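Marked as domain 'Heparan-alpha-glucosaminide N-acetyltransferase catalytic' by TrEMBL: 77-201. The feature transmembrane segment is assigned by TrEMBL to 83-106, 118-136, 148-167, 187-205, 225-243, 331-352, 364-385, 391-413, 433-453.
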Amino acid sequence: MRAAAATKTVMGMYELVDGEESGQIGNVSVAGGGGGEELARMEAGLVDGGGGGKSLSFAIGGGSRRGEEWGGEKKRRLASLDVFRGLTVVLMIIVDHLGGIFPSINHSPWNGVTLADFVMPFFLFMVGVSLTLAYKNLTSKLDATLKALIRTMKLFGLGLLLQGGYIHSVGDLSYGVDLTKIRWMGILQRIAIAFLLAALCEIWLKRPGDIKKEASVFKKYQFQWMFTFALSAIYLALLYGLYVPDWSYQVPSQTDGPLRTYTVHCGVRGDTGPACNAVAMIDRKILGIQHLYKKPTYARTMQCSINSPNYGPLPADAPSWCQGPFDPEGILSTIMSVVTCVIGLHYGHIIVHFKDHKVRILQWMIPSSGFVLMGILLDLTGVHLNKALYSLSYTYLTAGFAGILFSGLYVLVDVYGFKRPLAVLEWIGKHSLAIFILAACNIVPVVLQGVYWREPQNNILRLIGVKT
């Protein structure tokens, strides 16, 4: 009885009404009269829009004003999406700072998944959900496409600034990047690419007409599903079909001598190990080996570290590939990350077209369970869970768990109104770009170490016990 009464009360207070999703989702105030084409907070929250009523600004931690006016109406936010976003940011901070102490939550060195490996797909999943809410009522596809391109360039540029090598490590007061060594890909760059392709899907690849029954939602968006199947097919064809030749790389000598050159012998197809996979080969050919990430996770494998699963000195019989560059946000793996984002679109479509809580939850939980099952089955049949390669099994498993977690938070927050205890997570979700930059890009320590007494070593970080 109490549960039924609570549900009835909550239905009146928190039921998602028509238009709620398109106006103020993810700190983006829809331009007056512009319908839903202003982008929802890109990345499902890593990019905050400004709080202004007539324009969309690219602002770090932009104002999140609840109930922003649009067309004379107040629009409610989908609180569970903010909470999900905030929870993912907290998870990211935990694994970044405690992963070295507790290897079980750090990124898997190669095959397998850990807690840290769910962070990126959760963000990408939220991108897709947010985009459907933002593009619910398009008035101009061309205008929406142009704005999506602009937002993509801004986020990609921010990623280059923060993760391309311009800002140096803690302990180094210099800054700047050699363009011959800049890292072109990164977390924000991947999110930018996934956002753009998912946005174009939502703008151009949906059929007109209303949804009157549950099965019709797949027909309306069948071209989007065909797009995901095409991306998956391209990924699998390249991963297992491309020939990977021998390759070489150089690393600095432990002394001041010349660079040491290592040659990795491959000459294979379809290899999914660290040394001879097509994912890395494509990045070496297109991006250039000097532009790849210099500290890959496979350096923590038993073959490459005596302190495995942590980084450490090389074993005496370490293979030649252990110090080779590898970008975890490379080109081919980013193709599969787009699939995660487009899967998120489907979950947003359920919000847009169905208002009954039970229908929404059922339409989310069925595919989520299916994705998890497919991921497990693929892993058992040899398509291993692998975050670095963004394997097909990894894509399905993480998307499925994202859908399950989102469904649970929706019931908890938007159905039963359990918001106050989660207010901190909701706030973090509304300001996730600023928190990401401060927590994950070393901005705070880099700024603090710039204040010192006479010698750079006598800085604030040293004063509070942080080694630089």
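Each residue, glycine too, has its Cβ placed from N, Cα and C.
Note that TrEMBL annotation is computational and uncurated.
Outside the transmembrane segment (391-413) by six or more residues, the chain places 79-81, 83-84, 87, 113, 117-118, 121-122, 125-126, 129, 232, 235-236, 272, 336, 339-340, 343-344, 347, 357, 360-361, 364-365, 367-376, 378-379, 383-385, 419, 422 with a CB less than 8 A from a CB of the stretch.
In this chain, the transmembrane segment (331-352) lies in contact with the transmembrane segment (187-205); the count of Cβ pairs under 8 Å, excluding pairs fewer than 6 apart in sequence, is at least 3. Taking every recorded stretch in 148-167, 225-243, 331-352 and counting its Cβ pairs under 8 Å to the transmembrane segment (118-136), the highest total belongs to 331-352. Taken together, the residues of the domain 'Heparan-alpha-glucosaminide N-acetyltransferase catalytic' (77-201) have an average pLDDT of 90. Sequence-remote contacts of a segment are chain residues at least 6 beyond its ends whose Cβ falls under 8 Å from one of its Cβ atoms, and for the transmembrane segment (83-106) they are 44-45, 114-116, 118-119, 122-123, 126, 300, 309-310, 405-406, 409, 413, 422, 424-430, 432, 435-436, 439-440. DSSP states for the domain 'Heparan-alpha-glucosaminide N-acetyltransferase catalytic' (77-201), grouped as helix (H, G, I), strand (E, B) and coil, give 81 helix, 4 strand, 40 coil.
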